[in-house]
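Asks: In case it helps, Swiss-Prot gives these features for our protein:
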type	residues	note
BINDING	Gly91, Ser92, Val93, Ala94, Val95, Gly96, Lys97, Ser98	ATP binding site
Amino acid sequence: MSNEFITFEKISRKSWKQLHQKSKPLLTQEELTSITSLNDNIDINDVVEVYLPLIHLIQVYKIAQENLSFSKSLFLKKDIQQRPFIIGISGSVAVGKSTTSRLLQLLLARTHKTSTVELVTTDGFLYPNSTLIKNNMLNRKGFPESYNMELLLNFLDTVKGGQTASAPVYSHEIYDIVPDQQQTFTNPDFLIIEGINVFQNQQNNRLYMSDYFDFSIYIDADSHHIEQWYLERFLSLLELAKHDPANYYTRYTSLPQNEAIAFAKKVWKTINLENLEKFIEPTRNRAELILHKAADHKIDEIYLKK
């Protein structure tokens, strides 16, 4: 961490867990296991020591947002419609964004029992493979230019305006957008938007996705740790694909393991690492909170914007 983080306060896990005294985890180990991504590592202690204080912090931000909205309505002398509290979550491929997103969704729903908590990933706003192939961009999938940013920003604007909005659905099994399938959102109380690109701005220099966020999180780790997690996940995906001929990864299951690992390392170096170093990691200081993971996937440090 460099002077890039001069606007953040560094908090150790030991200090962070003392900021919230509730000891009940709000979910069972079985529920936690069911929402944990392939090859991620999280347990009930992580929920109690890291995520319950985080839920409490999000509540602080939500109350502040509601107070500001109310004060604005008084100033403008008009009613302001209740709008979703939007949380953006970013980080590298294989760093554990999906686990964090699903866990926050569950914990927020358990904490705010009458609230609706929705989750959407920016994968759905990738251009379909057919479009990427047509424009000779398939090898740039995941890079900023492979996303339909106009569609994504329009979605966020519609949701933030309290209107019903729809998002395309992406499948990692087929490695493509699912044809004729949409995910619909009708003014939820909370919306979590997760993706590698949520702090990026590719096309319109005057508008960032983060302009719509009320809170934002970056999941951080050393790149050599993320590479190891990526390779482990790739091998696990190959195991699953052996029993599913329709799975995108089936085409790689016939490779000897050493060749499969060599292929995955090449993909990591030429695509994922380049994307991380050039486009993802440089945006992390736009987050309100950075959760740093150690080699064992455990969060060891927290950085909160001052």
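Glycine is treated like the rest: Cβ placed from N, Cα and C.
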Asks: Can you tell which of Gly91, Gly96 has the most other C-beta atoms within 10 Å, given these are the binding-site residues?
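Replies: When each Cβ's neighbours within 10 Å are tallied, Gly91 tops the list.
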Asks: With every protein chain in view, what's the tally of Cβ atoms within 10 Å of the Cβ of Val93 (ATP binding site), excluding that atom itself?
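Replies: So the Cβ neighbour count for Val93 (ATP binding site) comes to 19.
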Asks: Could you list the residues of the same chain, at least six apart in sequence, whose Cβ is under 8 A from the Cβ of Ser98 (ATP binding site)?
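Replies: Listed in sequence order: Ser37, Thr121, Glu194.
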Asks: If you draw a 10 Å sphere on the Cβ of Ala94 (ATP binding site), how many other Cβ atoms land inside?
Replies: 25
Asks: Same chain only, sequence gap of 6 or more: which residues have a CB within under 8 Å of the CB of Lys97 (ATP binding site)?
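Replies: Expected: Ile89, Ser90, Gly91, Glu194, Gly195, Ile196, Ile219.
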Asks: Under 8 Å Cβ to Cβ from Val95 (ATP binding site), same chain, six or more residues apart: give me those in sequence order, or none if nothing qualifies.
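Replies: Within the chain, Val95 (ATP binding site) has Cβ neighbours under 8 Å at Ile219, Asp220, Ala221, Ile226, Trp229, Lys293.
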Asks: Please list, in sequence order, every residue of the chain apart from Gly91, Ser92, Val93, Ala94, Val95, Gly96, Lys97, Ser98 whose Cβ lies within 8 Å of the Cβ centroid of the ATP site.
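Replies: Apart from the listed residues, the neighbours are Ile196, Ile219, Ile226.
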Asks: Which residues does Ser92 (ATP binding site) neighbour through Cβ under 8 Å, counting only same-chain ones at least six apart?
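Replies: In sequence order, Ile196, Ile219, Ala221, Ser223, Ile226, Asn272, Leu276, Ile280, Glu281 meet the Cβ cut-off.
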